[in-house]
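**Q** Before I ask anything, let me first share the structure, which is written out below as structure tokens.
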């Protein structure tokens, strides 16, 4: 067995520099799959005092896990090998780009010398061009670097700074020889982006906003960019400056305390509950904070927002009645609005709430399950601190209408909408915050795509609650088109046996068809906080939630086609 002479090994390498920077940014776990071009780099991850390797069943799942981790931690990292590995993860990375999640994708590549020969190396396309996949990365990441020894430190800092600032993925191609190249540790912390607000723009925005607000009550519609840009405290200060009715889009669900008497609900254009739609669309002054209207969260762009009565607060610019003020950062714009409300000294009346209706009694225990029954009961099972991930199907739209307890975080993927995303993302979320119990809500078709990570949950000692909605195929697609078409069918699995086959030994598994069986299963899940609990919920093929019924209608209320 060959013996490595430690004296010939560099004390500190480019790979170490990259890892130290990631640790500095709050990363403590790195997801991925080993491959021969990244193995030596993985040795450095394993040896790093502040980092831990979390291996995944495949690269796509690793990318999804990094996304879930990044949503909670504000930064994450993914390691794959050249070509075959990175392309397998590309779908996940593209989703992180679409949904503005900061993920650093590190790709172990062939040595520079090997690339220089232009030979047909494994994992390449065989044409001697080793930048095909680097060029692909330009379309789905905000910054890219093909590291060279002389400039590696500077390029690492550039990519990581862009990822942190833009809240989107970055790409680093780390060749085997560059990874082991000697260098020096960072001398100082990674420089932060310093101020993007013009004092003149802020003053003009404040003047225009104050004039529009006057003595009016404002209403706030908030969305996920407030979370991504870490402006939640500024938004909460605005809501505390007066009695401010507020709502979110589905994308921003759980951004605000949904138990507040001033919380209106979820706004989804024409698919909204009537009271929510009226409150938002007829507000005397509407403040939209970090709002991005996508087809699936706006009722296919059926929102009716009057620009003349709207103050729109964005990442780098804000507008008042259509007049744009820039450069102006979101946090400072929200602070200015809070100051306007505080200075005017007018207290708005309480938000009118409909009279409280007595809670209906639970359904009979023997009653077959419906979508509403399932999500009503799941919602009552949630406790502060839970992280809920709902896959893009009946799970997402079933939960969107329900108010969550304070302190619950809700994660979905309504823009990218890659089914199966939430199972590995739940793994990433659980690794990011093992002290918060993860609750995964996913359909049977979606779960079949990424179910391998159940074994990783077990290996990591995690205890999620997993609700698999077994409605015998792709129900959302059936509702849109092809109700009985064979392409919306899937092979049925014995879900309660799946955890065992994937190496999960200490778990509970239930198959439920009635309300009583569901109630018993969720009660058991609450008792066993230290064990994985899988609940297979059997529902009819065409049973879909109210909100999804509205969204899949072929036409808008005015008769125009939605698609």
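Think of each number as a place in line: the chain as shown, counted from 1.
Glycine is no exception: its Cβ is also placed from the backbone N, Cα and C atoms.
Model, not experiment: these values are computed from the prediction.
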**Q** According to Swiss-Prot, which stretch among 328-347, 348-367, 368-387 corresponds to the feature region 'Disordered'?
**A** 348-367
**Q** Do you know the mean pLDDT across the region 'Thiamine pyrophosphate binding' (394-476)?
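**A** Across the residues of the region 'Thiamine pyrophosphate binding' (394-476) the model's pLDDT averages 97 on the 0 to 100 scale.
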**Q** Could you check what DSSP calls residue 471 (Mg(2+) binding site) once collapsed to helix, strand or coil?
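**A** It is coil.
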**Q** Write down the Cα-Cα distance for residue 444 (Mg(2+) binding site) and residue 59 (thiamine diphosphate binding site), rounded and given in Å.
**A** 21
**Q** Would you list, in sequence order, the residues of this chain other than 444, 471, 473 that have their CB within 8 A of the centroid of the site's CB atoms, where the site is the one recorded for Mg(2+)?
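**A** Leaving out the recorded residues gives 443, 445, 469, 470, 472, 474, 475, 490, 539, 541.
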